[in-house]
C-alpha cells in the first residue's frame, strides 16, 4: 500500500505537497536501505517511483529524489564535490533503462530532465568518451560497406541478349547470366567476395535488430522518431532485399534488379541516420522524418485521388488516338506515371502540334494545372513550413534526446570490454555497491546581486527618514514632542526595514 501511495504522489500536480508526503511515508518505512525498500518496489509496468517521475516529466519530484540520493564529499569555500547516485539512471546492466524511458516517452516535459544534474553530466561523459568515437567509426564502416555493395551491383553478371525483339518498344540488349556463368573469370571472384561481405552484413543487421524488436515491441520500436524508428524500418527492409536478391541469384531467377534497386535506395538513404551524431545535422533528420511520416503521408492520400482521377481522364481522351504521335498516354499505367510527373511539374504538358489534339485535353489539363500546381503543391509547402517551425523551436532538445538514444543503443550492442561502466563504485567511499558520479560544483556568490540588495535597503531607509522630516516641518506647535516621536518612529521603522532587508540578503547568500 505504501508503494502504491508513493507512485500516486509522483503523479500529483501539487509538487510541494507530494514531496512532503513522500518524505512522511518513507519515514515509516522499516527497510529504507534494503531490497524491500518502498522506493525500489516497481509497479505493474516495471517502474519504480524514481523512474516514474522521469517518464512523467515531474522535474520537481525528480530533483527532490536526487537530492535525497546525493552525498556531499567535501566543500571548500565556493567549491564543493558531490557524489550522485546513478544506480537507476545509468543504462549499464539495466534491463529497462531510465535514459531509454526518457527518450521514448511522448511527453516533452520528460526530455527536460536530460538538462538536469546528474543526467546531463552522465550523458556528456558517456557520449564524449565512448559514444562519439564508436558512432563515427560505425558511420565510416557503413559507408564503406555500401560502396562495396554498390560496386557489386554495378558489375553484376550480364550477357548480351540473343532472342528477338517482341515489339518495337522493346529496348533490352543485356540479360542476367545463369548461376553457372556468373563466377568464371577472376573479376567474378572479386565480385563474389564483395557479395559475401554484403550478405554477411545483412545477416548481422537482422541479428542485431530482431532482439530489440522482441524486447521493446514493434509499435514502440518503429514508432519513435527519436529512437530512429523509420530508419530501423529502412535498414531491416534493406537486409531483407539483400537476402531476396541472394536467393534469386542462387536459383537463377530473372528479375533480381527489382530487389537490388530497392536495396540500393534504402541502403544509401539509411546513411542519413548517422547525421544524428552531429549537432548541426541531427535535428534535420528529425525534421525529415516528421515531414515524411506526417505531412507527406497525409498529402499522398489527396495526391493519389487527384492523380487517379486525371490519369483516367487523360487515358480516355487519348484512347482513340494513334500512340505513335503522342505516346505519353498510350496505356493506363503510362498515363498514371505521366500524370504523376505533371503533378510535380517535372515535365511540361505533353503535346504534339503536328497533329490535332482533342478539345477535352485542353479543358482537363487546364483544370489539372490549377488544382495540382497552384493549390495542392502550395498546400504541401505550407504544411512542411509549419512542421519546420515547430521542430526548429525544439531542435537542441531533440538533438540531446537523439544523443541519449544513440548512446544507449551503442551501449547495448557493444561488448562490455569496449564500454566500461561510468562512475565510481560506492565501496571506495564506504557507500555500498551502488554507483556514483562525481561532480564538482562551484557556488557563485553573485556580488552584483548582493550590492543591488544593499542599495535597495539604503534607499528604503532614506525614504523613511524623509517622511519623518516632513512630519516635523508641518507640525510646528508641538515641535519638541513631535520631533521626539517622529525620530523614534523613524528609527524603529528604519530598524525594522533594515532588519527585514538584511534577513533577505542573508538567506540569498
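All residue numbers here begin at 1 and follow the chain in the order shown.
Backbone N, Cα and C atoms are what each Cβ position is placed from, and that goes for glycine too.
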*Out of 173-191, 192-210, 211-229, 325-343, let me know the one TrEMBL marks transmembrane segment.*
192-210
*Among 66-88, 89-111, 296-318, 388-410, where does TrEMBL put the label transmembrane segment?*
296-318
*Tally Cβ pairs under 8 Å between the transmembrane segment (231-251) and each listed stretch (134-158, 192-210, 257-275, 359-381), then give the stretch with the top tally.*
257-275
*Proximity of the transmembrane segment (134-158) to the transmembrane segment (257-275), 3+ C-beta pairs under 8 angstroms*: yes
*What parts of the chain pack near the transmembrane segment (257-275), using Cβ distances under 8 Å and only residues at least 6 beyond its ends?*
135, 138-139, 142-143, 146, 149-150, 153, 156, 176, 228, 231, 234-235, 237-238, 241-242, 244-245, 248, 281-282, 284-285, 288
